[in-house]
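Visitor: Before I ask anything, here is the structure I am working with.
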Amino acid sequence: MKQYLDLMKKVLEEGTPKADRTGTGTRSIFGHQMRFNLQDGFPLVTTKKCHLRSIIHELLWFLNGDTNVAYLNENKVSIWDEWADENGDLGPVYGKQWRSWGAADGRQIDQLKNVLTQLRQDPDSRRIIVSAWNVGELDKMALAPCHAFFQFYVADGKLSCQLYQRSCDIFLGLPFNIASYALLVHMVAQQCDLDVGDFVWTGGDTHLYNNHMEQTHLQLSREPRALPKLVIKRRPDTLFDYRFEDFEIEGYDPHPAIKAPVAI
């Protein structure tokens, strides 16, 4: 994951000091891209230990169309708790938009089912897209989508995906986002009888929070290790039937975890 460390260095050296919604302050650049060949290994950061349970359960939660933290809490995942209301609700965030986008005529559009249909029937389409950025519902969301828009692409029997992330917390959020979308590509590829290709990450406001600087320098002092391998143990009937125990990460040998505060 040298690309990830190189991004950290770039922001430290070239970033602009900026104020932000949380009041924490950041060092920021605008516009950056990284490409990960998923044939080379699973892109999980090794210079600190990442919490795999949270990454996998969060993605399964999105895929289920869920927007309440109860499922996450039942599985010892607390990454969304700070934004939930007293009932655990987050409003129409990712899961709602991915699985039941509300159309003007009252229809509920399942973007992910549409993607699967397109990949099977028209894999050369340039419209195989999922958007979480629903302008009409942003004010009802506990947190506006950071990873807002992604597109699939098929070439030579391989499935690739590009994500546009409008706002990126490099230290805490980005390792999760890369691993989550890489996992999604593997799952969709399995369901569509494709091999995996590239995951392309594109960032808008790409930043390090001022209270993550010590942790960033510690991480940069560590040498990256070999990427692990993702094993999917079974093929469920649909994309929406995967379970946590279906996934195994082989050969993950990270440096110790590094704690840092979340900007809310």
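Cβ atoms here come from the backbone N, Cα and C positions, even for glycine.
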Visitor: To which of N37, N177 does Swiss-Prot also attribute binding of dUMP at the site defined by R21, R126, R127, R166, S167, C168, D169, H207, L208, Y209?
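Guide: As annotated by Swiss-Prot, R21, R126, R127, R166, S167, C168, D169, H207, L208, Y209 share the dUMP site with N177, chosen from N37, N177.
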Visitor: Quick one: of H51, C146, A263, which recorded positions lie within 10 angstroms of Y209 (dUMP binding site), measuring between C-alpha atoms? Sequence order, please.
Guide: A263
Visitor: Taking the Cα of C146 (active site, nucleophile) as the centre, which of the binding-site residues listed as R21, H51, S167, D169, A263 lie within 10 Å of it?
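Guide: Qualifying among R21, H51, S167, D169, A263: S167, D169.
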Visitor: How many other Cβ atoms are found within 10 Å of the Cβ atom of C146 (active site, nucleophile), counting all protein chains shown?
Guide: 18
